[in-house]
C-alpha cells in the first residue's frame with residue numbers, strides 16, 4: 001500500500017520524537033528529508049498532502065529516518081545546507097554551517113561597509129560558507145578562502161563553481177601559511193573553539209562532525225591564540241581580525257587579542273544576546 005505525504009510526515013515526526021536522543025526539531029527534519037526526496041518545496045508537501053510515495057521512495061525515506069534517529073545530521077543525509085540564502089554542499093569532512101555564523105558575515109559587511117573594494121580572507125573556510133556569503137553581497141571584494149584539508153578545499157571549490165562567484169579564490173593553507181604579507185583589510189574565521197573534553201561532543205549532531213573542526217586544546221582557544229599572532233603578518237596596516245567563538249569565551253578572546261597587540265578590541269552579540277564574535281584592529285608601527 002502506498003502511503004500519502006501527510007501519513008508519512010506524521011509517522012516520521014513520531015519516530016524522530018521517540019528516539020533515544022530525540023531530535024529538537026522532529027517535524028522540520030521530517031519535512032526537509034521528504035522535500036529532498038521528492039525534489040519539492042516544503043510548501044508543496046502541504047499543498048498536496050494526499051500525494052502518494054512510490055515504494056522505492058518510501059524505502060529510501062525510512063532509511064533516512066532511521067539514520068536521523070541514530071543522530072546523523074540532516075545536512076549530511078541530503079548533502080547540503082542553506083546558509084545566507086545560498087545552498088551549499090556539505091560532507092562529513094566539513095562542519096555544518098550554523099545560523100549563528102551568519103552574524104559573523106553581518107559584522108564583516110558592516111566593518112568594511114565604506115570600502116567598495118577590499119581584500120578579505122576566510123580561514124578554516126570549510127564549505128566556503130562565510131567567504132561565499134560575503135562574495136554574494138560584495139562582488140567587488142577579492143576574497144581568499146583557505147582550509148588545511150585537500151578534500152575540504154575541493155568541496156569549497158565545488159560550492160564556489162556552483163554559485164559562480166569569480167571573486168573568491170579557494171586555496172589549501174594551514175591557517176595563514178600560504179597567505180601573502182600585509183595584504184588583507186579583514187581576516188575572518190570561525191575556528192575550532194570547543195574544549196577537548198567538553199561532554200557536549202558526545203551529544204546530538206556534533207557526534208558526526210569532524211573533531212578537528214570543533215576542538216582546540218584544553219580550553220578551546222589554541223587555534224585562536226595562533227591566529228591572533230599569525231594573522232598579523234597578513235593584515236594591512238590597521239587591518240581587522242574577526243573571530244567567532246563560544247558564548248562564554250569573549251573575555252578570554254579579548255585578552256588574547258589585547259596581549260597580541262590588537263587595538264579597538266570588542267565583542268558583538270548573536271541573536272540570542274550572547275557574545276559570539278570578537279574583533280580587533282592591528283596597527284602596524
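Note: Cβ is positioned from N, Cα and C throughout, glycine not excepted.
Fair warning: this is a prediction, and the values are worked out from it, not measured in the lab.
For the S-adenosyl-L-methionine site, TrEMBL gives 124, 125, 126, 127, 128, 175, 190; the one candidate out of 100, 147, 219 that the record lists there too is 147. When the domain 'Methyltransferase small' (107-197) is classified with DSSP, helix, strand and coil residues number 28 helix, 23 strand, 40 coil. Within the model, the domain 'Methyltransferase small' (107-197) shows a mean pLDDT value of 97, rounded to a whole number. Take the Cα of residue 175 (S-adenosyl-L-methionine binding site) and measure to each of the binding-site residues 191, 192, 193: the nearest one is 191. Candidates 124, 125, 126, 127, 128, 147 (binding-site residues) were compared with residue 192 (substrate binding site); those inside 10 Å Cα-Cα are 124.
Taking the C-alpha positions, the distance from residue 147 (S-adenosyl-L-methionine binding site) to residue 191 (substrate binding site) comes to 11 Å.
Counting every protein chain shown, the number of other Cβ atoms lying within 10 Å of the Cβ of residue 127 (S-adenosyl-L-methionine binding site) is 28.
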